[in-house]
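**Student:** Annotation comment: Swiss-Prot describes 618-628 as compositional bias 'Basic and acidic residues'. Annotation source Swiss-Prot lists N-linked glycosylation site at N155, N163, N174, N185, N193, N198, N298. What Swiss-Prot records for 618-638 is region 'Disordered'. Residues or ranges marked as topological domain 'Cytoplasmic' in Swiss-Prot: 1-44, 580-638. As annotated by Swiss-Prot, topological domain 'Extracellular' applies to 131-230, with the evidence given as sequence analysis. The transmembrane segment annotation in Swiss-Prot covers 45-65, 72-92, 110-130, 231-251, 257-277, 311-331, 344-364, 395-415, 453-473, 476-496, 524-544, 559-579.
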Amino acid sequence: MDRLKCPNFFKCRQKEKVTASSENFHVGENDENQERGNWSKKSDYLLSMVGYAVGLGNVWRFPYLTYTNGGGAFLIPYAIMLALAGLPLFFLECSLGQFASLGPVSVWRILPLFQGVGITMVLISVFVAIYYNVIIAYSLYYLFASFQSVLPWANCSSWADENCSRTPIVTGCNVSIGAGEMFMNISWVNTNNLTCLNGSEVFRPGQLPSEQYWDKVTLQRSSGMDETGVVVWYLALCLLLAWLIVGAALFKGIKSSGKVVYFTALFPYVVLLILLIRGATLEGASKGISYYIGAQSNFTKLREAEVWKDAATQIFYSLSVAWGGLVALSSYNKFNNNCYSDAIIVCLTNCLTSVFAGFAIFSILGHMAHISGKEVSQVVKSGFDLAFIAYPEALAQLPAGPFWSILFFFMLLTLGLDSQFASIETITTTFQDLFPKAMKRMRVPITLGCCLILFLLGLLCVTQAGIYWVHLIDHFCAGWGILIAAILEIAGIIWIYGGNRFIEDIEMMIGAKRWIFWLWWRACWFVITPILLSAILVWSLVKFHRPDYADIPYPDWGVALGWCMIIFCIIWIPIMAIIKIVQAEGNILQRIISCCRPASNWGPYLEKHRGERYRDMAEPAKETDHEIPTISGSTKPE
């Protein structure tokens, strides 16, 4: 690195003529695509994809699923579902975005009838971005709270009530009264200075200090969704800080976020390794790992359909397919990038990270069970309960607890941030494709404006009822909508556009392959993956249960609102299909057929990559084509 030179990230202002390239932060001098820009290095792309795929679910959901579904035996259906559902869809989306150099909405020039699928993906990313940054705000709050000599949730402090206890609480017992015995409640026994007879005590479970801290201090949780309460000001400030970090990382688009992910994507692995080494040295660690993936593995669980459904669902959501982000990030690749090897690398990294994280989590939970005299099954949790109750409780009981807490919550922060970067990049990429000239001039204000709007929408999630809203959005928007989009995506591209034609498109990028190479991909794309996704969707609908949080059921209007959110996301699929059909020419059948053909400006973005197959395609970057053009019998390539 040259000395005394401004880094590219903060490029020095010089008196020079402003060019289109200098106006567009996405574009560098050496980029192949001077309109949209490319990743500066392939490692920028790979780390961004790893950061997007590897998120909070790898740490707080996968280990719990493995434990509850047979331990090590769960890895068998997990690996099978990766091969049958996760990897095929992941490879398809990466190839799609890279081939056309377009984001999740404009890429549907491939099949204009299905443009609404892309809109659905972007809307789901918007909803998820709202609540995902709230989780990052929780992590920031706990990170700041950890900078104390004693962790605030280490003991039952002034905020706790009489239920706060690490040991079971005595509710009553038998006492000697005269010549006989009577069962009395413990408050009466204590008031009268009596002593319980040995073995007669009746216990009820207490609430851990970390649990009450989470409910009473962090969330100031209300009694239900009906009681919104006030905005929790310190969570609102943490949410603002989270959005400022996201905005700062994305102000130059992929050129800046591609550098930030070198830290946010790699640092979690350092922390997981440190936590694993520390956990492995603690008493009881081997017991925790045994429950996770060792001698306690139960292979008879493989006979249960629920285990296979959990494996497929975890793979599907963990890889972030059908959110639009994979298409958006891949659209900035150079045309001849080997997206096949990239898909393999990212998918395997994601799955191995999940397994690795489980060892770090369960080694320390095993120690927590050991010192509290409980079984591992009594301390293991999932989701928020693992991240903000069980694991903080375990860390509070370690020597130098604040240090380990700082490491853990900083890891959660970085895990969440790089996933959030990709979600926002999905939104800005959509604007980039629809309004390229405006984005060249106003990328920074548009990006910051997007962050500001999402921050304001997220304030509802940091009220005293905020956690209920977070769960509601997650339960509805991050579920069925994604499954529906994924099924239509693979059906539209493989069954309508044509799987063999799509394979020819891929070979234009990565080179021709022998027929046996595509045998597996054809089997998955044409048959196996759509069937699996459909089965998961049907299963999820059949097994639908009224959402609740902490055993508090959601009100009728809350459930109805959840359905309205998911309908709002997917309604654009039929709406855009109808619009395209109305705009087309001919009778109804001719209109539908014409809308199922690729648009005249579908194909490789740059002319030098089009070859004979796409030599007559219209120019994709023309301003008049910033939306998918109407398909009609009279449409001719320009």
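Heads up, residue numbers simply count up from 1 along the chain you see.
Positions of Cβ are set from backbone N, Cα and C atoms, glycine also.
How buried are these features, and what lies next to them?
**Tutor:** N155 (N-linked glycosylation site) is surrounded by 13 other CB atoms, counting those within 10 A of its CB over all protein chains shown. In the three-state DSSP reading, N155 (N-linked glycosylation site) counts as coil.
Secondary structure at N163 (N-linked glycosylation site), as computed by DSSP, is coil.
A strand conformation is recorded for N174 (N-linked glycosylation site) in the three-state DSSP classification.
According to DSSP, N185 (N-linked glycosylation site) is assigned to a strand segment.
There are 6 other CB atoms within 10 A of the CB of N193 (N-linked glycosylation site), with all protein chains counted.
Around N198 (N-linked glycosylation site), taking its Cβ as the centre, 8 other Cβ atoms fall within 10 Å, counting all chains.
Sequence-distant neighbours of N298 (N-linked glycosylation site) (same chain, 6+ residues apart, CB-CB distance under 8 A): G70, G71, A73. Reduced to three states, the DSSP call for N298 (N-linked glycosylation site) is coil.
Outside the transmembrane segment (45-65) by six or more residues, the chain places 39, 74, 135, 254, 257-258, 261-262, 264-266, 268, 292, 310-311, 314, 317-320, 325-326, 329-330, 332-333, 337, 342, 345-347, 349-350, 353-355, 357-358, 361-362, 380-384, 386-387, 411-412, 415-419, 421-422 with a CB less than 8 A from a CB of the stretch.
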**Student:** Using CB atoms and a 10 A radius, I'd like the single residue among the glycosylation sites N163, N174, N185 with the highest neighbour count.
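**Tutor:** Most Cβ neighbours within 10 Å: N174.
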**Student:** How big is the gap, in Å, between the Cα of N185 (N-linked glycosylation site) and that of N193 (N-linked glycosylation site), rounded to a whole number?
**Tutor:** 13
**Student:** Which value does the mean pLDDT take for the topological domain 'Extracellular' (131-230) in this predicted structure?
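**Tutor:** Average per-residue pLDDT within the topological domain 'Extracellular' (131-230): 89.
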**Student:** Return the member of N155, N163, N174 nearest to N198 (N-linked glycosylation site) in space, with distance defined Cα to Cα and candidates limited to these glycosylation sites.
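**Tutor:** Sorting the glycosylation sites by distance from N198 (N-linked glycosylation site), the top entry is N174.
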**Student:** Does the transmembrane segment (395-415) make contact with the transmembrane segment (559-579) through 3 or more Cβ pairs under 8 Å, each pair 6 or more apart in sequence?
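**Tutor:** Taking Cβ pairs at least 6 residues apart, the transmembrane segment (559-579) and the transmembrane segment (395-415) are not in contact, as fewer than 3 fall under 8 Å.
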**Student:** Count the CB pairs under 8 A between the transmembrane segment (72-92) and each of 110-130, 257-277, 453-473, 476-496, then give me the winner.
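**Tutor:** If we count Cβ pairs closer than 8 Å to the transmembrane segment (72-92), 476-496 scores highest.
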**Student:** CA-CA, which of the glycosylation sites N163, N174, N193 lies nearest N155 (N-linked glycosylation site)?
**Tutor:** N163
